[in-house]
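> These came from TrEMBL, pasted as-is:
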DOMAIN    B:22-463  domain 'Amidase'
ACT_SITE  B:LYS76  active site, charge relay system
ACT_SITE  B:SER151  active site, charge relay system
ACT_SITE  B:SER175  active site, acyl-ester intermediate
Amino acid sequence: MQWETVIGLEIHTQLATQSKIFSGAPTAFGADPNTQACAIDLGLPGVLPVLNVQAVRFAVRFGKAIEAEIAPRSIFARKNYFYPDLPKGYQISQYELPVVGKGQVEIVLDEGTVKTIGVTRAHLEEDAGKSLHEDFQGFTGIDLNRAGTPLLEIVSEPDMRSPQEAVAYAKKIHQIVRYIGISDGNMQEGSFRMDANVSVRPVGQAEFGTRAEIKNVNSFRFLEKAIQFEVERQIDLIEGGGTVVQETRLYDAAKDETRSMRTKEEANDYRYFPDPDLLPLEIDADFLAEAVADLPELPDAKRARFQADYGLSEYDADLLTASRELADYFESVAKDSGEPKLAANWVSGELMAALNKAECEIGESPVSAAMLAGLIARIKDGTISGKLAKQVFEGMWNGGGDADRVIESQGLKQITDTGAIESMIDAIVAANPAQVEQYRSGKDKIFGFFVGQVMKQSGGKANPGQVNEILRRKLQG
Amino acid sequence: MQNKSIAQLAADLRLRTYSSVELTRHYLERIERLDPRLNAYVTVSAEPALAAAERADRALKAGEAGPLTGIPIAHKDIFCTQGIRTSCGSRMLDDFIAPYDATVVEKLAAAGAVVLGKTNMDEFAMGSSNETSFYGPVKNPWDETRVPGGSSGGSAAAVAARLCAAATGTDTGGSIRQPAALCGITGIKPTYGRCSRWGMIAFASSLDQAGVMARSAADAAFILDEMAGFDSRDSTSADVPVPDYVDALDNDIKELRIGLPKEYFGEGLDGRVGAAIQDAIKEYERLGAEIVEISLPNSPLSVPVYYVVAPAECSSNLARFDGVRYGHRCEDPKDLEDLYKRSRAEGFGAEVQRRIMIGTYALSAGYYDAYYLKAQKIRHLIADDFRRAFEQVDVIMGPTSPTTAFPIGAKMDDPVSMYLNDIYTIATNLAGLPGMSIPVEPVDGLPVGLQVIGNYFDEARLLNVAHQYQHVTHWHQAAPAGFE
């Protein structure tokens with residue numbers, strides 16, 4: 001039987017606010033346990049939540065970025081369940097009326113076709129703390145630093161049909177939240193966590209199969225593998241005469257498998273109800289306008305513009321818009337140098353390779369956009385050859401200053417003095433009579449030998465155009 | 001000293017007739033001598049009180065005194081007080097010391113008040129008789145075999161017995177007004193949102209409101225002036241200007257339109273309590289008020305609606321008491337579930353457990369629409385009744401409680417009969433309106449309270465209306481025998 005996979009994703013993205021969603025405690029990552037949790041985060045008696053407006057602004061920006069409706073009135077609700085790292089015994093979330101309604105994003109599939117994935121909703125909520133099961137000799141440690149950290153939960157429609165589509169969608173959301181500056185998207189630190197709802201059905205069947213939810217996946221690679229495993233598990237199960245049960249599963253990366261965590265019967269009854277400590281969240285036109293006033297150009301628009309304005313290939317445009325920082329870098333180099341194609345080649349080639357090798361982000365590049373544009377200018381005006389430019393780049397990367405300084409200090413300036421090149425060629429022609437004879441007897445290929453000799457002699461600095469021209473003249477005698 | 005009004009005490013302190021330290025010692029001595037009979041205080045904070053009194057005396061001497069500087073008051077033990085235990089009447093918080101002051105506590109401290117201690121209350125404010133407290137029942141100073149009402153029973157008894165000049169209380173369904181009525185004092189529950197809930201341990205967040213328990217409307221006005229106001233730490237706090245309540249006391253009440261809801265004078269009301277209320281209303285007629293019969297047709301639904309909404313909210317509000325971070329934790333839990341179950345079973349009393357279970361049920365999948373959602377809808381209807389009534393009248397009057405104080409133990413085995421004690425007070429909480437109770441002529445030596453309900457943020461008028469009655473009557477000055 002032919003099976004079709006149906007996938008929907010719930011993505012929890014941590015919002016990049018300075019303080020927590022309902023308290024003034026800081027949100028910085030990595031502090032000592034329980035040092036970034038105030039009375040409100042600890043759920044002490046008598047404390048009350050006050051909504052962080054910046055978190056609302058971020059949610060609104062996201063809504064706008066995915067062309068969603070922003071609810072003029074949304075409600076915070078309590079999701080009630082007991083867990084040691086959930087200090088109040090409930091999580092403040094949004095249930096029936098979320099702040100962001102239906103929206104959509106586009107993903108590009110392998111064969112280049114574009115597919116629209118629906119976003120059902122996005123809502124604001126607070127994160128829980130962490131339970132630490134090691135190092136406490138039979139006890140569990142509770143760290144509430146993360147408790148109350150603002151999250152935007154982004155729920156997709158079940159529109160994806162393969163693990164690859166799910167990854168493409170997740171990457172797109174990841175790209176958007178970083179572009180619009182609402183999240184650092186740091187997956188190692190848990191700022192971007194994915195839950196996948198996976199089911200299979202016979203091709204042609206309209207109803208969905210029973211789904212399993214894979215919780216808390218924190219890398220795109222694991223997302224793809226977890227879904228792949230789960231799809232195969234479900235197909236094997238059904239084909240073996242079994243049935244899929246609705247349940248929550250965990251992906252074990254070490255074993256590359258998903259494991260049952262709890263079934264529907266064991267699930268909590270969350271007893272959602274509107275939080276009486278918080279007023280309905282009302283967003284008026286002024287707030288909305290202010291929140292999205294400085295919304296940057298979004299990746300899709302930027303990609304199209306790069307192709308149109310700079311004549312970039314789709315591949316290059318895609319690559320150079322992967323992050324806003326990279327795109328800004330490229331655009332700055334392109335504008336300053338006036339050579340967008342050279343800029344694209346240098347950014348996607350030398351620069352990216354160097355960044356990858358050094359494992360650093362574009363923002364940490366020792367070669368600034370202005371420096372790279374300076375280098376391209378020197379290529380353009382013939383000061384250096386394209387070949388030597390790589391050496392200059394290396395010099396800049398290693399702290400040698402801007403292109404002019406590296407060219408100067410390493411003596412890489414191109415030789416364009418015709419007289420100097422002529423005398424160099426005269427000497428080489430005189431020293432290699434046998435090869436000259438061969439050339440003159442019609443063995444054209446030997447020409448390259450002479451070019452090589454000149455370049456060697458000049459340390460690569462002789463202008464290749466001039467070398468070719470003079471050499472040809474001299475060899476012909 | 002203990003029979004003087006707050007205005008008199010403030011004047012005496014300014015004239016140095018006696019010092020705040022002397023006044024504070026006087027009250028502490030009374031508490032030590034008389035409170036063992038009443039059990040009104042859970043914690044007496046003598047040392048911090050005397051230290052605050054010394055500071056007050058210095059401020060008085062320096063001419064920097066605030067309106068309440070040096071006046072000894074008490075806080076219901078539901079308000080968090082930094083450094084002084086806040087038990088909420090529960091074993092769960094028997095050893096809980098908050099690292100912060102409630103806004104109400106902070107504001108009264110800033111106004112110069114001296115805190116004598118924390119008063120007894122029904123556990124987590126759940127009760128109408130003060131019998132659910134972990135610290136034992138409070139006795140009514142008018143008859144020590146009877147209840148003082150609840151949940152602010154300790155504050156009511158302490159004020160009636162002159163064990164403080166005034167006290168704070170909270171009112172979720174009548175918890176200020178009913179004990180004020182049963183103890184013969186003046187209590188005001190302001191509009192929902194008038195006083196901040198920050199630091200006030202939540203029972204039912206959409207109903208809870210802090211207020212004042214005092215011996216007169218004038219005393220209450222002095223305290224409320226300092227307590228009320230917007231607080232950015234409480235999202236449900238009202239950003240509405242606070243008028244000067246003391247200034248408004250002497251306003252004329254001629255042509256005041258008083259609404260009498262027929263539903264408040266029907267079956268269930270003790271005949272002699274009803275007669276005392278009617279007498280008080282006649283007094284208002286003599287003062288020039290106009291009486292209008294009105295109807296609040298949905299008021300019979302108040303009690304059932306309340307007993308869905310309040311327990312639902314409390315089931316969630318009390319989830320934080322899980323034995324993990326603070327509060328009671330059972331001995332040697334064998335696993336997480338055991339920790340939760342035993343800590344909560346041991347830490348909470350029967351009434352609290354009953355309400356958590358009712359509320360959990362009402363919010364459960366499949367029951368939410370039938371109970372919680374429906375109750376919220378009826379709540380709107382109840383508020384609409386009042387909105388229509390206030391198009392016709394300025395204030396609404398009726399009994400605070402259907403009976404006088406009942407004997408301790410009489411209703412503990414019959415929760416529904418206990419719940420019906422609040423039949424006249426609950427609707428104002430559901431609507432978020434302000435309400436007061438003032439003493440009228442007693443029945444058989446037991447106090448009777450007249451309830452006065454006002455429109456939103458009309459506390460100044462309530463206090464004014466109460467004060468005008470107290471101007472021409474003396475019921476509010478009567479002290480229980482042995483506590484004069």
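From the backbone N, Cα and C atoms, a Cβ is placed for every residue, glycine too.
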> Long-range neighbours only, meaning 6 or more apart in sequence with Cβ under 8 Å: which ones does B:SER151 (active site, charge relay system) have?
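For B:SER151 (active site, charge relay system), the qualifying residues are B:GLY89, B:MET121, B:ASP122, B:ALA125, B:MET126, B:GLY127, B:SER128, B:ASN130, B:THR170, B:THR172, B:SER175, B:PRO179.
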> Where among the active-site residues B:LYS76, B:SER175 do you find the Cβ with the fewest other Cβ atoms within 10 Å?
B:LYS76
> For B:LYS76 (active site, charge relay system), name the DSSP secondary structure in the helix/strand/coil scheme.
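Note: B:LYS76 (active site, charge relay system) is in a strand by DSSP.
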> Find the average pLDDT over the domain 'Amidase' (B:22-463) in the predicted model and report it.
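Value for the domain 'Amidase' (B:22-463), mean pLDDT as a whole number: 97.
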